[in-house]
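The active site, proton donor feature in TrEMBL is assigned to GLU104. Per TrEMBL, disulfide bond is recorded for CYS61-CYS122, CYS225-CYS258. Residues or ranges marked as domain 'Glycoside hydrolase family 19 catalytic' by TrEMBL: 43-258. Marked as signal peptide by TrEMBL: 1-35.
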Amino acid sequence: NGQYRICKLLICAMRRLLPLAGATLLIAAAGGASGQQAGVGSIITRAMFESMLNHRGDQGCQGAFYTYDAFIKAAGDFPRFGTTGNDETRRRELAAFFGQTSHETTGGWATAPDGPFAWGYCRVNEITPSEPPYYGRRPYTLLISTTTSYRGPLGLELVNNPDLVSRTPWWVFRTPICFWMTAQSPKPLCQDVITNQWTPSGDDRLREVPGYGMPTNIINGGEECGKGYSTDNAKDRVGYYKRYCDMFRVGYGDNIACRDQKPYGGG
């Protein structure tokens with residue numbers, strides 16, 4: 001009986017330790033990242049991240065604040081982010097996410113060194129706050145820049161301390177990823193659209209879907225879509241997206257513009 005009890009205790013202990021051991025092996029294999037994070041990190045390596053956002057810490061930018069480790073940590077909180085579908089789909093999703101968020105944080109201009117689309121993640125806060133203290137902390141500008149945004153899926157912690165979004169690198173990435181992975185009813189989920197996991201129905205059939213233009217519509221359709229031409233902001237989003245697709249060696253896909261889509265409301 002004594003030996004039985006000892007064996008039972010050992011088995012229970014092993015059951016508890018095995019997941020930890022497995023996690024340790026994954027961490028070792030991923031060079032310090034979890035298995036999930038390694039999935040994203042296999043496409044956006046540290047070197048790739050630095051190349052994508054190589055001007056973020058230049059004079060006039062505050063983007064040195066955006067770090068690779070913070071991005072990897074935030075990505076790990078959303079197991080499906082950047083890991084859904086085949087390799088081509090995953091690359092296109094990450095290009096789309098960084099295309100949209102780079103537009104929201106851009107510091108580029110037409111004659112900028114390396115081109116206007118090499119200056120993503122330059123800005124941290126809105127230049128002109130829209131509703132202090134709940135203004136757009138970049139790239140959280142993806143959400144409506146009001147107190148309503150800060151009561152979203154990330155909880156009341158941001159309402160009580162909105163500066164977390166711009167003072168904590170992990171939060172800076174976690175907030176737009178959360179937006180990307182959360183449906184903004186009646187709008188579809190950005191990730192589902194870009195990974196071909198969404199089939200339009202009802203009124204959505206009046207919109208040109210799917211493709212990169214649809215996340216633009218979800219984010220700011222009222223201002224940028226359905227005009228019969230591409231606005232400057234919409235062109236900027238597409239420019240960033242194409243740059244990252246080229247860097248990730250993946251095609252752009254169909255419907256990358258939203259000029260002919262029936263727009264959702266702004267924000």
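Placed from the backbone N, Cα and C atoms, the Cβ positions cover glycine too.
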Item to complete: Quick one: of CYS61, GLU104, CYS122, which recorded positions lie within 10 angstroms of CYS258 (disulfide bond), measuring between C-alpha atoms? Sequence order, please.
Response: none
Practice prompt. Tell me the Cβ contacts of CYS122 (disulfide bond) under 8 Å, same chain only and six or more apart in sequence, or just say none.
Written response: HIS55, ARG56, ASP58, GLY60, CYS61, GLN62, GLY63, THR105, THR106, GLY107, GLY108
Worksheet, complete the sentence: CYS225 (disulfide bond) sits from GLU104 (active site, proton donor) (Cα to Cα, rounded, in Å) at a distance of 16
Worksheet item: Among CYS61, CYS225, CYS258, all listed as disulfide-bonded residues, which has the most CB atoms within 10 Å of its CB?
Response: CYS258
